[in-house]
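Q: Sharing a structure, written as C-alpha cells. Questions coming.
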Amino acid sequence: MAKRILLECHPNREDVGPAADTVRAVAAALGMQVTVSPDPDQPPELVLALGGDGTFLAGARTARHYDIPLLGLNFGHMGFLADTSDDSLEVVVERIRRDAFEVENRMTLEVEIISPLGALARQWALNEAAILHSDLAHPADLAFAVDGQVVSTYGADGIILATPTGSTAYSFSAGGPVVWPDTEAIVMAPLGAHGLFTRPLVVSPNSVLEVGILPSNRRAPQVWIDGLLALDAPAGSVVMTTRGARPVRLARLENHPFSERLVNKFNLPVSGWRSPRPHGPNR
C-alpha cells in the first residue's frame, strides 16, 4: 500500500490549492504522509500531480528517480497525460492507499549532447527532446542520422525526437503521427523544415538517432527536454538520442483503451460509425 505521497502542484491555478489541502486532510485521516519535496530517509511511494501536462512532466522526474508510480489529475486545458476520473479526491486518495490503480510503463529517451571534445550534457525525456533554433531570423542547419547513416540535412526551425507518449504533444503539432503508447518507437518530426524530404519518420527504439548541429549555424540551437529544461548545443556538436534506460510508471485510475482517450481528448468526430463486430465502438 502506498502510504507516502509526494505532491507536484501547478503553482498558479487557484483550484489546485484547495485540492491539495483536501488530499493532505484525507491522507492524514488514513494515516498517510503527504510532502512536497522528497525525504531521503522516507522516500515517496507515489507522485500525485495536480495540474496539467506540464505539472505531470515535472512530477515524472521524481517518479522515475525513485521508480514509483506517477498519477496525474487534470486541472489544466488538454491534460492528455493526466488521468480523468469520476471519483472524488477523497476516493482517489483512498484508492492510492489500496494501490487500486493500473500501472503502465512508458518509454523514455536518453539525450546526450556531444562535442568534439566530449560530452557536454546528458538528460532524459518522457515526451520529447526538441532541438530548436535560437536565432529567430535564421533557420538552424541540422543533419539527421540513424545508426550512423545520415538520412538528410535540413534548414529548419528544429527537429523533434519524441516517444510514443510524446507523439500526441509537440511532435503531433509538427505533423508527426500518433503512436500507441504500448508501441515502442522513436518519432522524428522536422519543424518548419525547408527541403524535399521533410516527412516525419518512425524509427526503431533500438536505433541510435543523431542530430548534427552543422558548423554553419550562427547561434547555438537549444535542446528542450519535455519543455522544462533547455540545453545549448553549439555548432559542431551532436545530439545523440537512444531509448531510455528506465521507463516512467504511469498510474491509471480508469483502464480505458488509448483509442478511447484519443477520441475524448481531441474530441474526434466518430458519430455515424457502426462496427459490424459485436464489441466495436458505438455498438
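Any Cβ shown, glycine's included, is placed from N, Cα and C.
Okay, these came from TrEMBL:
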type	residues	note
ACT_SITE	Asp53	active site, proton acceptor
BINDING	Asp53, Gly54, Asn127, Glu128, His138, Asp157, Thr168, Ala169, Tyr170, Ser171, Phe172, Ser173	NAD(+) binding site
Q: Within a 10 Å radius of its Cβ, which of these binding-site residues (Asn127, Thr168) has the fewest neighbouring Cβ atoms?
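A: Minimum Cβ neighbour count within 10 Å, taken over the binding-site residues Asn127, Thr168, occurs at Thr168.
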Q: How big is the gap, in Å, between the Cα of Tyr170 (NAD(+) binding site) and that of Asp53 (active site, proton acceptor), rounded to a whole number?
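A: About 12 Å separate the Cα atoms of these two residues.
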Q: Across all chains shown, how many C-beta atoms besides its own are within 10 angstroms of the C-beta of Phe172 (NAD(+) binding site)?
A: 20
Q: So if I measure Cβ to Cβ from His138 (NAD(+) binding site) and keep only same-chain residues at least 6 apart in sequence, which ones fall under 8 Å?
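A: Listed in sequence order: Arg218.
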Q: C-alpha of Thr168 (NAD(+) binding site) to C-alpha of the residue listed as 'active site, proton acceptor': distance in Å?
A: 11
